[in-house]
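Visitor: Sharing the features that Swiss-Prot gives for it:
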type	residues	note
COMPBIAS	638-647	compositional bias 'Basic and acidic residues'
DOMAIN	34-107	domain 'EMI'
DOMAIN	115-159	domain 'WAP'
DOMAIN	792-904	domain 'SEA 2'
CARBOHYD	N90	N-linked glycosylation site
CARBOHYD	N110	N-linked glycosylation site
CARBOHYD	N172	N-linked glycosylation site
CARBOHYD	N193	N-linked glycosylation site
CARBOHYD	N243	N-linked glycosylation site
CARBOHYD	N315	N-linked glycosylation site
CARBOHYD	N717	N-linked glycosylation site
CARBOHYD	N757	N-linked glycosylation site
CARBOHYD	N951	N-linked glycosylation site
SIGNAL	1-22	signal peptide
Amino acid sequence: MMSRTVRLVLLALACTVDLSQASGFTENGLSLLSYQLCSYPVTRSVQKLQAVQTSHTAYVYCGGWIPWKKCPKTVYRTQYLAMDVPESRNVTDCCAGFEQLGLYCVLSLNRSREFASRPGVCPTAEAEPLSPSCSLDTDCSGLQKCCSWPGGRHCVSPTPTGTEKSMVSWYNVTVLVKVGFEDLQREDPGLRNHTRLLYSLVTSALQPLNPAVHYLTSTGGKDTFTTVSWLLMGFPRLMTVANVSVMLDDMVNRVYEVVSIQVQDVNECLHSELQACSVREQCRNLEGSYQCVSSQRLNHTDEDCPPIRDFVALNVTSSSFHVSWSLNSTQNYNFHIQVYKGKEILRSAWTRGHTMAVSDLEAGVLYRVRTSYLGCGANVSATLVVKTDAQVFQVTIRIMDRNLTEQILDCSSGEFWNFSRQLFHEVQNSFPQAISDLYRQGRLRMQIVSLQAGSLVVTLRLTLQDPDFSVGVHTLTPMLPVLSVSNVFQVDQQRTFVQDWDECAHSSEHDCHPSARCINLEGSYTCQCLTARDASPSRAGRVCEGDMVIPTGDELSVTTKVTVPAASTGITTFGPETLTESLSSKHPRSTPARSQTWTPVPPSVRDGGSIVRQDRNSTGQGQTHGTHQGTTDAPLHTTRESQELITKDPPFLTATTTGYVVWHSSPTWKTPPNSTRLQNEDPRSSSFPGPPSAPTDVTPESPACVPGPIGKVTVSNVTSTSFSLEWPADIRLSPAFHLTLVSPRGPAMTMETQNNNVTLSGLEWGTLYLVEIVAKVCGKEGARTQLKVRTVAQKLAGNVRITSMQYSESFLNTSSREHREFVELFFRTVRDSLPATLRQHMDAGRIRVDIINITNGSIVVEFNLLMTADLDVREVSAGFLNALQNTSMLEVVRGKTFMQDYNECDMKEDDCAPGTCRNTFGSFTCSCDEGGPDSQVEYSGRSCDGDPSGNMTQTPGSEWSPTPAGTRGVPVPIASSTAQDLPLRLNLMDAVSVSCEIETVIITIQKRFLQQAAIPEASLYLGEPSCNVSRSNSTHVFLVAGWGECGTILQSNMTTTVVTTTLRNNLSPEGVIHHPQFLSPIHCAFQNDVLTSSGYTPQWGVYTVIEDLHGTGNFVTEMQLYIGDSPIPQNYSVSASDEIKIEVGLHRQKSSLKVVLTECWATPSSNAKDPVTFSFINNSCPVPNTYTSVIQNGHSSKAQFKLRIFSFINNSIVYLHCKLRVCMENPRNSCRISCNDFRSLRSSEALHQMTWGPLHRTEGAQACTKPVLGTGYIILLAAAALLVVAGATTLLILRYQRVRQKYNLRIQTDDFSYQVFSQ
């Protein structure tokens, strides 16, 4: 009784609330997330009931002695009359100039000059006769316009106008929406509504920038259920790609149908409509813009192109700094200064001076400043790293009543935001008064750096800006007792502490010069040059110059000539400038990113002298109090550790009788304690630091004693542990050649030799080395020559998720006992699970496993797998994957355990320069670019000045045996493009997408991937060779397999239906392998349990592609209502006596799939989880007294039932919802169920929702109809009444006879000796 009362009360409340507002829509059906919504006051006439009293005279008995006498009496009666009353209210509708289109506000169709226009104006010359006809600009291809001519409207190339030239930045915008292109064309011929909807959304999202948006074209997406549209977008001021993308992300969040938006720079130089360079000028494309350079300036090749020097930072404070530079030139250049914070550009300015002030910055943040100018047809630039002043401390808090969960690791979840808000509030309240004052003044910033398990360990970073007093750990320690008695959290006093933040722990935390020592201080740090001179004493350790001598051991003295300037400099040709983030903790490998410097970290010694390489990666920005900065992964403050399963001791030098200098391995070699690694000029091009590539300036000397230049260096005999170098040189002056070898895993090493050839051995395999050679004579140095050489190895990357063990924060410490025990267990388990052949290769040192990272969740291990060139990389990959997935000692998640190719080209671990790197499975190949003969390096076997018809050879695997892996054969010269123009190399993961549909599995493969891997289209098939490519276009090939065809296996249980097939490519008829072979299982999983509501269709499933090409899909349901056999639309009105037939099922019929209804209910709103519900089907059977009858359930892909919905629901509006389960019919499993044995749906199973409705009660029907009895109940009651009457009558007759004693006495004829009394 109480439950029914509560439901009625909630229903009454729901009726009084505006249901449109509760559901996120206006009363006109507009989404409240739409743009261009305005509120208008509206006065409407509303009918209201008013009480009116009327009087009349009635005659009543007067009373008294004459009772029949009547007297007149005035009687008042209250009547309720409906009257029209004006009522004012605010209505939300589209703003002026916009009209409603579906759920959103768009420009009206008569404003086609805005949303369907192209840049430029129509030319004066008449169009060609064969020009296509058109009606709007969008009917034309490319950037053509639709212009009127005497013969009609035709598409022509436009003439630029001042409007387009005023636009500074032009970008291409790619929008992916959830609608099939064929369906879109059918519903919107000409795509007029689609065009104005895109235009309106994009322009509204970018307000108030006033962009120029031009629609280009649309086509179908990678599957049949998406559409890709391209827009051209211009801005009146310079905008970066990152900033535009962030603004358009709001459109993705607001508009459900938009899947993604991608912004790319436009090369204005290719389109005369977008640039204003004259005929005598040459257009040079820049990011977001372009430059016009005079031909005279381009042809002036002898013009001086001096480097930017003395680039330093001055007057650094917590919120500002000055930068200064010099240029040895008589010309007055215009310098472009850009200030970056990570990838985001904060400042962009031009100046003709040599100084620039930068203000309004954050305290304690590392900024990157880039200054550049245009000279001699090149872009000369210099980069400087500056960190603003601040005092930084670390607070570690262990909260015992909270656990680390997936929700709290998701920075976009409500649980994370609630937790961070409570934590910041508790920490703020625990501050001492002086610190609390700084916080209120905005001079203290709190940031969540990491969240770790056990129970929940939070690391906070406190950044203090310009405190008025001395702040140290002792100043913050008083907060701990207050925090430990928090009423919100149970804080562990033993594991909660304050400590200094060590900025010297990683180069991303300080701006010290690579040749300087970072010295950590309490709250801050300082830098000290290790060289002869500090060029900027005002900021010590930022600009170091001169020689640096490192203390040595007994075996080797390493002397390094430090020539790295304070700022990395470079000269690049004109073209798009790509600026990447300075450092990122999400980098997939432990290689340094752009502008990353390596701090001196002495190698850890383990197991009697084996070297464990160690490097740290930066911490990404965590959650900052008061801001919303992206997501935060766990752990937020990661330290990447790289450990080798098989390690080597560092090499040392010995001289041989042949004059060669050979490096050998020695267990007694010791690393110099203060060894310093050098910074490379452009860390993007290398996986390790090194000396700069710019030649050292040499003071002119007399020809009698001037070292000659190093000629072209020839690299030969490259193996996994050695290589040889040889170079021509003028030996008349007996020069000494100074060689420096830099490895990413060890200190820089130097040597001197009188010979012009050297063999380096005892090296690590699969490692990219940087070699610098300089000739010395008379105490003078000649020009330096640099080259990179990679030792031979095949390399893969792997990932495994282990669930049988819990992650521990001690895994971050490589010297901890827990870390060592886990690593030993992991190595031992992997080795023991390998086949005997691979186990022998590993024991012989031909296979090595390097652990790169160990992270939480439960335990995720990232590792690299290196192997010698003669091993079959695919066999090794399959063997390791099988060992990891089937190990008996560790329980792993098979879907999160995989082996994949390590892309040496993307990771810049190749030695192809100046050629182009092309990635292959396990290794890479090199090809020569134009200009290769001018290179100072020649690799034996791939000379760029050789036969131009030479063919590029593949790297070795089981298919290629002539050349060791990592060495390159004769390359293909590429004369038409440069390395910057080449597309990124695809792998199988990126090139293949899986679309899981009902009855069909569709595989889409990019043709570029097939061309890169030299795989013929004709060799591809699904399951069986007959199921080959179904269709293809210019960019993709498609393979389609129906369920039950092409070897497809269909399996189903109570929760999931899984469709499995295999993507293969066959061999050539000759049996010779001409291309890589792959065998990729494909799995499509569908959830059987679905929540279907009248009106919402869930998205089709798709596209998570991992190594073995998994995909997910959804059964798409539909609900249709009928009266009789006629379907009824939404917002239909029915009466209480109308019997509605409802059909629920799958979008497509499949004979083997049956639909079983488990539960159906109605709600007064579109929310299926509304607390007010009216159930009419439960456990697959009708609920009594709901006038519901099931027609069919579990017999086919459709379920049907009838009901009179308003016979038991008093509300005027209802929405219908049903849960259904997909069942596969087979002889052992029948989908037909009875009403007694069907299970209830588990609450944990996946549901999808759509909304139909509403259904309205017919006008004039009673608002609250009393329940009436059905025909069956009436008949039953009548029969019971008759039975009662008959029984009562019989009893009365019997009693009457007994009282009157009326009996019949007769003698029976049978032979009995007694009498029988009968009535």
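Note that Cβ sites are derived from N, Cα and C of the backbone, with glycine treated the same way.
Source: prediction; values computed, not measured.
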Visitor: Can you give me the same-chain residues 6 or more apart in sequence from N193 (N-linked glycosylation site) with a CB-CB distance under 8 Å?
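Guide: Sequence-distant Cβ neighbours: L101, V106.
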Visitor: Of all the glycosylation sites given, namely N172, N243, N315, N717, N757, which is spatially nearest to N110 (N-linked glycosylation site) at the Cα level?
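Guide: The answer is N172.
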Visitor: Measuring CA to CA, name the entry from the glycosylation sites N172, N243, N315, N717 that ends up nearest N90 (N-linked glycosylation site).
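Guide: The answer is N243.
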Visitor: Within 10 Å of the Cβ of N110 (N-linked glycosylation site), how many other Cβ atoms are there?
Guide: 7
Visitor: What are the DSSP helix/strand/coil residue counts across the domain 'EMI' (34-107)?
Guide: 0 helix, 58 strand, 16 coil
Visitor: How big is the Cα-to-Cα gap, in Å, between N172 (N-linked glycosylation site) and N717 (N-linked glycosylation site)?
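Guide: A Cα-Cα distance of 48 Å.
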Visitor: Can you count the other CB atoms that lie within 10 A of the CB of N172 (N-linked glycosylation site)?
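Guide: Taking all protein chains shown, N172 (N-linked glycosylation site) has 15 Cβ neighbours within 10 Å.
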Visitor: When secondary structure is assigned with DSSP, how many helix, strand and coil residues does the domain 'SEA 2' (792-904) contain?
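Guide: Helix, strand, coil within the domain 'SEA 2' (792-904): 45 helix, 33 strand, 35 coil.
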Visitor: Between N315 (N-linked glycosylation site) and N717 (N-linked glycosylation site), what C-alpha distance do you get in Å?
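Guide: A Cα-Cα distance of 53 Å.
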Visitor: Far apart in sequence but close in space: which same-chain residues, 6 or more away, have a Cβ under 8 Å from N243 (N-linked glycosylation site)?
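Guide: Sequence-distant Cβ neighbours: E344, I345.
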Visitor: Taking each of the glycosylation sites N90, N315, N717, N757 in turn and counting other Cβ atoms within 10 Å of its Cβ, which one has the fewest?
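Guide: Ranked by other Cβ atoms within 10 Å, the glycosylation sites N90, N315, N717, N757 bottom out at N90.
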Visitor: Looking only at the domain 'WAP' (115-159), what are its DSSP counts of helix, strand and coil residues?
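Guide: Residue counts in helix, strand and coil order: 4 helix, 13 strand, 28 coil.
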Visitor: Give the three-state DSSP assignment (helix, strand or coil) for N193 (N-linked glycosylation site).
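Guide: Where N193 (N-linked glycosylation site) sits, the three-state DSSP reduction gives helix.
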Visitor: Measuring Cα to Cα, how many Å separate N757 (N-linked glycosylation site) from N717 (N-linked glycosylation site)?
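Guide: Counting only the Cα atoms, the answer is 13 Å.
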Visitor: Three-state secondary structure of N757 (N-linked glycosylation site) from DSSP?
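Guide: SS state of N757 (N-linked glycosylation site) = strand.
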